[in-house]
């Protein structure tokens, strides 16, 4: 397949999903099929894309056949393709889980349409090679997430929606203003072109200023300290499948944008931005995990852990060695699977135990021992225990920071891992080991009686847990892939050459 | 908002806005205009019609649901990009099948945008009129 | 002209910041609108203000000479379209929140995150009963 088709299909499937879900907006069965088929199509095209870039080639296409600095280009290197692939996996897994009836009364209205819209925005943001186009994909993703969050229309959701919408709109407008300033000093918005132009500018101080402005704009998307307020204010109000897809993808798009811009565009002054990012990473990890320790609602605990884990993903930019960037990529991939899975399990706990509140839960290990095992796999992986995926990703980022003498970063990373374990054990003790409260008998009976719902909810959880175990037990290919993707990010020529055509030295390593 | 002035003038504004919107849509081929502005003009005309009369009058006039318009519009826009993919050119490379006529896939794309804009404005409006 | 536009941009951002810090959610929407327009103005200024000739290529010529820079205009149009959709959504959301919550005061909206005192009282009661 040509690069044009390979790069178009991952956004074509969700776009078609949006169109068809809007056309058949009154027909729920058709929408369900359309949504699932589009998600499977996204996964399939992402697999093809990843296979095409696996050997280190970078693919590029320019929409409408307008030449590179003027038209909008889509570029896929190993990092982008891996992110699209993980989006595809999440789309299918949470798509199946979402049929369980959690969104039943409102499913007709907009759920499938917005779900596909969210996937469209996320995939576009991963693939685009134009920074203004990135803003457009951000907005598509955001307006879909606004809709999904407020879908239920409960009082808590509307209240959360106001904060989520306002803070995110301010962040994206700030992003837009930053893009305008960037355009003002460079005259281009194509990322490959920017990578060529930015180092040649006379006033490098301005470039560093812009780098910090982008860090703020993307940082509030990624929910880093001190810009994370919107996340714990909103996430816990949405129903389980919606918050799972949010947790899996939304903040990670911000992390992706930070890693992309700081390896491709703003690597010139790493001596100044590196310590800033390191400080942000430490504070993000610590505040997130402490926030989680204070709460007793599973969804709020897990929401704070999203923030805490974002800190680890910034190690790559803070340390800026190949090992650290590769470790960050591995961390993002591992984290998306684990975090989404924990939220899916939280949904099951709510179904079988009747509540998200740890104080009203208990005795689940006695009644559903398999669920306990399924919970422990992602929970211990999140804390970073061997032999799970979290161990290898934590190991690489902390080793990278120790190698580069970032002792504070490494120590806080290890301590936060311990505190993460504390939170996970709190959920385990309260929901699984504590004696079952009297109120939990009724939901448990309903859960055990409904075989179809159980199948819909547990299949994705088992599949994601299997992926976590696979990364943990057969880490070599995944670590190797991340390291090569990280090295590719740091070597900017392959990206620039893919967009503008191989310029001078055509020494493609293509065995 | 049950204003007699608005009700009476909207009878004049609606047809004029619809005709003008199609003119602007077609004009967009080579001059200022196009699907977005055309769609906004049409939507403004329909909104002026619907605001004094309410939600039911809006749907009675439209015959289709606004969401259907959005879906059809996005579908048209996607379809307009397909021929280029089949010819192994980048997505959305616009094709001009008739040598002498300025009719090509851009028009299909513009009509798609036109429908999406009308549909989304009216979707928001219908929520606003819901009370 | 650039200094005038830069000052106008600064004033608009200041107005937007003032409105956004208000407790009234209606003012927050207005603040978002002003901020969006400030962003558009910054794109416009960043694209240079040299020419007032429309960016149309004259018939028979291949390149644009002496015209205004068309790219900022395309960017602003895109940004306007997006902010139009977002503000429309925001207004509908705030309107329905006002209807459900019965207030326009952002400080009074504590449904999603109840005040800590309320939770501790509740948890104390739970502990006592347990």
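Yeah, the Cβs are placed from backbone N, Cα and C, and that goes for glycine too.
Some features that TrEMBL has for this protein:
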| type | residues | note |
| --- | --- | --- |
| DOMAIN | A:130-419 | domain 'NADH:quinone oxidoreductase/Mrp antiporter transmembrane' |
| TRANSMEM | A:6-26 | transmembrane segment |
| TRANSMEM | A:33-54 | transmembrane segment |
| TRANSMEM | A:74-97 | transmembrane segment |
| TRANSMEM | A:134-152 | transmembrane segment |
| TRANSMEM | A:164-185 | transmembrane segment |
| TRANSMEM | A:243-266 | transmembrane segment |
| TRANSMEM | A:272-294 | transmembrane segment |
| TRANSMEM | A:301-323 | transmembrane segment |
| TRANSMEM | A:329-349 | transmembrane segment |
| TRANSMEM | A:361-384 | transmembrane segment |
| TRANSMEM | A:404-425 | transmembrane segment |
| TRANSMEM | A:455-475 | transmembrane segment |
Do at least three CB pairs under 8 A connect the transmembrane segment (A:6-26) and the transmembrane segment (A:272-294), leaving out pairs fewer than 6 apart in sequence? no
Paired segments the transmembrane segment (A:134-152) and the transmembrane segment (A:455-475) in contact, 3+ CB pairs under 8 A: no
Other than its close neighbours in sequence, what residues sit by the transmembrane segment (A:455-475), given a CB gap under 8 Å and a spacing of at least six beyond its ends? 89, 92-94, 96-97, 99-100, 333-334, 337-338, 340-341, 344-345, 347-348, 351, 374, 377-378, 381, 386-392
Using Cβ atoms only, state whether the transmembrane segment (A:74-97) and the transmembrane segment (A:243-266) have three or more pairs under 8 Å that are 6 or more apart in sequence. yes
Among A:6-26, A:164-185, A:301-323, A:404-425, point out the range having the most Cβ pairs under 8 angstroms from the transmembrane segment (A:243-266). A:301-323
Take the transmembrane segment (A:404-425) and find every residue of the same chain, 6 or more past its ends, with a Cβ under 8 Å from one of its Cβ atoms. 278, 281-282, 285-286, 288-290, 292-293, 301, 305, 308, 311-312, 315, 318-319, 321, 324, 379-380, 382-385, 394, 397-398
Give residue numbers and ranges for long-range contacts of the transmembrane segment (A:6-26): same chain, 6 or more residues beyond its ends, CB-CB under 8 A. 34-35, 37-39, 41-42, 45-46, 48-49, 52, 59-61, 74-76, 84, 88, 91, 108-110, 112-113, 116-117, 119-120, 123-124, 127
